[in-house]
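As recorded in TrEMBL:
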- 68-509: domain 'Amidase' (DOMAIN)
- Lys133: active site, charge relay system (ACT_SITE)
- Ser208: active site, charge relay system (ACT_SITE)
- Ser232: active site, acyl-ester intermediate (ACT_SITE)
Amino acid sequence: MFAAFVKTFRPLLLIVSEIYFRWVEILFWAINLFVRKRSVPRPNDSLLLISATQAAEMIRIRELTSEELVEAYIARIEQVNGIINAVVDKNYENARILAREADSIFASLQPGSSEYNEMITKRPLLGVPFTIKDCIEVDGLRCTVGISSRKDLVAQKDAAVVERMKNAGAIPLAVTNVPEVCMWWESVNAIHGRSSNPYDTRRITGGSSGGEAALISAAGSVIGLGSDIGGSIRMPSYFNGVFGLKPTSGIVPLVGHLPPTEGFRNEMLRIGPICRYAEDLIIMLKVMAADDAINLLQMDKRVNLRKMRLFYMEGLKTPYAQSISSECYDALKRAVRYFETKYDLCAIRLDLPFAHYAVEFFLTSIEVPGAPSFAHHMTDFKSELNCVGELVKWCFGRSRHTLPAIMTGILDRQSPFNEEQKRVLMSLRDRLNRELRELLQDDAVLIFPSFPTTAPYHHQPLLTPLNFAYTALWNTLAMPVVQCPMGLNKRGIPLGVQVVGAPATDRLLIAVAQDLEDGFGGWKPSTDS
């Protein structure tokens, strides 16, 4: 009934929804006129302004010690975390021990020796600290997933990707904040509270890797691990002005990621890297990828962007999500013009009709018959939470759960589509997938808006819950995507674009990200302190 109504009145709903979205923007702008804006101070320590790739090299040749680097990041976390509330568990003492061990290893090796060269090959990140989203298990550190009943639970093993990072010599430094059950795009939960944007603390960090992206942007970490089922790497990376990659399906193992997924959700969910410097995407993906995936990605292949085919799309036309703002449109066009001019390319504008059903595709794809309900996830599978009763408790300030999680629990089993409509939507989704794979193949990319606006204010997502369609579309299509910063707007808030490729073209996407970084400066620190 609901789906039929939307289909019948879609043109009218597009007009009404734009009026509504404009009203929401004005409302939150007016409210936040009376809220103090803060941003993190610019980093003064030069060690915080080098990439992980550079840091690893400097540690190897003993221009820098791992201990110095770890201490610099510990000091920075202590400086900024009171402002952005990104870190939820610290591994400082163990990190210091591991840093000293890394320094001892290089002190005992002769540069150029076979042992030294073997160490570089097997442990390319030796001595470099990294941080982890609070849903990826790290042995000995808390893994709460933002769920109240998991408040004091400590992981007893490493996730597969954490194990790979450790084997490469990287040092776990801290765990970062997430929304409850990692299923909302503002990072807030009843255990650790709300994370804030380092450029403007009145604004959100995004979710669900919001704490991770905020900490990296604030120079409290150089590289980190996030995960993405509807944009959970790319949205926070965009809002916080850093790089984030959702890699090709099956490349990075999901073992040790919570909550566990099944059905088509396994195609949608990806673990990927977040970083300030695009070159770190290469070394991180090499380390994170499963052994049998390295050859598929051809990460050492030289990329010639002059041979690239370039497409772009200007956004979504759906009553569920905003159309892109003028400044986001301008960022998209600047990226397109940059490649056209630099490589004498002719970019082709696309308007893929089925792409405008991004919300419908996501709501259909995320459903897994027989899977535990969201209300079960909210109690860590101990029982099924009465979400209606919990909503009443929330109204009186008595709930241990967040409003977005409670509402998700209520709506979880209320599908807006009947079985026939779901079948049609999945058929259209798969058709769009085939068309895009054929279009992009090995040497083409599609530039797409990261989000319709810059980072919203706190609580604003409650009134625009489906704006995540701009990132979620690519999860439903299981395509690799990299989020690239495109500088700051006049208010000092990050802009950016998504770059989409065919499966196994991650190396091409990273090359495009590096080129955009060269052209537009990549990550930029906040404009005022």
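Start at 1 and count along the chain as shown; that gives each residue its number.
Just so you know, glycine gets a Cβ as well, placed from its N, Cα and C.
Structure with TrEMBL features highlighted.
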residue	record	DSSP (3 states)
Lys133	active site, charge relay system	strand
Ser208	active site, charge relay system	coil
Ser232	active site, acyl-ester intermediate	coil
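Once Cβ contacts within 10 Å are tallied over all protein chains shown, the active-site residues Ser208, Ser232 are led by Ser232. Within the same chain, residues at least six positions away from Lys133 (active site, charge relay system) with a Cβ under 8 Å of its Cβ are Val175, Thr176, Val178, Ser208, Ser209, Gly211, Glu212, Gly224, Leu225, Gly226, Ser227. Here the domain 'Amidase' (68-509) returns a mean pLDDT of 98 for the predicted model.
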